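To start, the structure under review is shown below, and the notes come after it.
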Amino acid sequence: MKKITLALSAVCLLFTLNHSANALVSSPSTLNPGTNVAKLAEQAPVHWVSVAQIENSLTGRPPMAVGFDIDDTVLFSSPGFWRGKKTYSPDSDDYLKNPAFWEKMNNGWDEFSIPKEVARQLIDMHVRRGDSIYFVTGRSQTKTETVSKTLADNFHIPAANMNPVIFAGDKPEQNTKVQWLQEKNMRIFYGDSDNDITAARDCGIRGIRILRAANSTYKPLPQAGAFGEEVIVNSEY
């Protein structure tokens with residue numbers, strides 16, 4: 001009888017261990033959740049375009065005025081903004097209202113900014129077309145600035161195509177870029193922010209989204225394609 005009891009106990013133990021092992025195998029892991037083909041194939045319903053496709057869409061059209069935002073569009077300028085925050089207002093974004101910060105940012109701190117590859121491709125394309133290139137930024141205007149030279153040097157923009165940077169500034173409840181897009185008769189405007197795209201839409205021109213890098217200090221990241229605009233692939237760098 002004792003042997004039978006021991007045998008039954010052993011069987012029960014084996015069953016329990018086997019059940020536990022199966023549970024461990026079949027239970028999803030929160031650390032390694034895995035994926036499947038459907039998830040891998042899922043894409044956001046966005047109007048993606050390439051630089052080559054944009055160039056092709058302009059075939060046969062005469063030279064025109066085109067505009068670019070600066071920060072997170074043609075330059076990854078977070079290093080300068082990060083330094084400004086640490087220097088002037090570590091616990092808030094008040095540095096953005098400090099003229100001393102803008103004097104630094106507009107007069108040298110863009111030496112720490114990284115030119116974006118997508119901007120190189122776009123600007124090269126527009127230079128080949130003979131287009132007039134403008135940069136319209138929401139930065140505050142300062143008495144002097146070296147941003148125009150920095151951009152011209154970094155992107156090798158000939159003087160015939162380059163225009164001085166337009167410092168539109170930032171005003172509450174107002175998209176300050178609209179008047180400049182209209183005044184300069186721009187036909188395309190590239191930008192990373194919602195304001196860039198809505199400025200183009202308000203002017204009835206083509207607004208094209210460039211992706212903001214995930215490690216930009218400018219948060220939250222915008223929802224690219226939310227207005228049905230074209231979004232350039234691989235444009236986060």
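Backbone N, Cα and C atoms are what each Cβ position is placed from, and that goes for glycine too.
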Item to complete: Pick the one from Asp192, Asp194, Asp202 that Swiss-Prot also lists for the Mg(2+) site with Asp69, Asp71.
Response: Asp192
Practice prompt. Have a look through Lys97, Lys177, Lys184 and flag the one Swiss-Prot assigns to the substrate site that Thr137, Gly138 belong to.
Written response: Lys177
Practice prompt. Give the distance between the Cα atoms of Asp69 (active site, nucleophile) and Thr137 (substrate binding site), rounded to the nearest whole Å.
Written response: 5
Worksheet entry | 8 Å Cβ shell about Thr137, Gly138, Lys177 centroid, substrate site members excluded | Asp69, Ile70, Val136, Arg139, Ile166, Phe167, Ala168, Gly169, Asp170, Thr176, Asn195, Asp196
Worksheet entry | Count of other CB atoms lying within 10 Å of the CB belonging to Lys177 (substrate binding site) | 27
Discussion item. Give me the sequence-ordered set of same-chain residues, not including Asp69, Asp71, Asp192, with a C-beta within 8 angstroms of the centroid of the Mg(2+) site's C-beta atoms.
Written reply: Ile70, Asp72, Thr73, Val74, Thr137, Gly191, Ser193, Asp196, Ile210, Arg212
Item to complete: Please find which two of Thr137, Gly138, Lys177 have the most distant C-alpha atoms, given that the record lists them as binding substrate, and give only that distance in angstrom, rounded to a whole number.
Response: 8
